[in-house]
Amino acid sequence: MSKQKKSEIINRFRKRFDTKMTELGFTYQNIDLYQQAFSHSSFINDFNMNRLDHNERLEFLGDAVLELTVSRYLFDKHPNLPEGNLTKMRATIVCEPSLVIFANKIGLNEMILLGKGEEKTGGRTRPSLISDVFEAFIGALYLDQGLDIVWKFAEKVIFPHVEQNELLGVVDFKTQFQEYVHQQNKGDVTYNLIKEEGPAHHRLFTSEVILQGEAIAEGKGKTKKESEQRAAESAYKQLKQIK
């Protein structure tokens, strides 16, 4: 694609992002950080941009910032809950389905910068991709304005869902399966990535879940995390004989 086309797409993104931040009641300093947060690797590949200009590094950072923010929120809100309960609650809040809820609620999915092929194959509605962008956005917000602003964003976008019990239907199967195995004294659970296939912008991961040294289920997903969730879901339903 041409440089002119790239410039048009980026300028359109920047205008939409500026409008979105105004709607949310936030300002920003470094627009380049947010552009990177919304740049999927397929977009970078289509325009032959620097391979590190996609959002994966910011996603890595945002994941940690999000866990810290949610941990502090739960620690303050539930002073009498033990560590195990807090961990379970945090897992529900920061799991992929929850992040998709947060992102879609404020329309972040509409602004993702995708390559032509990824757009055609439904990348804009893919849960793993949306949740990754949400984490990358949190990473960019942290670098641009600090933890206090991340906290204010969470107060507006994340915590209300928690307080209104809107995440009760979200299932973190890895946590559920781990707890079930522990209750049944069935040993340790581990996950192995057994296959990774497809082009860089459209990867498919296959993971297996190991219990007592035996592979008992497999799962596929667009990310390693998603494939492990699907494997855990299959194993959990298999052991509990849920259809």
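Cβ atoms here come from the backbone N, Cα and C positions, even for glycine.
Take the Mg(2+) site that Swiss-Prot assigns to Asp132, Glu135: the candidate from Glu59, Glu67, Glu196, Glu197 listed for it is Glu59. Around Asp132 (Mg(2+) binding site), the same-chain residues at least 6 positions away in sequence with a Cβ under 8 Å from its Cβ are Asn55, Glu56, Glu59, Thr223. It is 5 Å from the Cα atom of Asp63 (active site) to that of Glu135 (Mg(2+) binding site). Asp63 (active site) has a Cβ environment of 20 other Cβ atoms inside 10 Å. Highest local Cβ density among the binding-site residues Glu59, Glu135 belongs to Glu135, counted as other Cβ atoms within 10 Å over all protein chains shown. The DSSP secondary structure for Glu59 (Mg(2+) binding site) is helix.
The average pLDDT the prediction assigns to the domain 'RNase III' (10-146) is 90.
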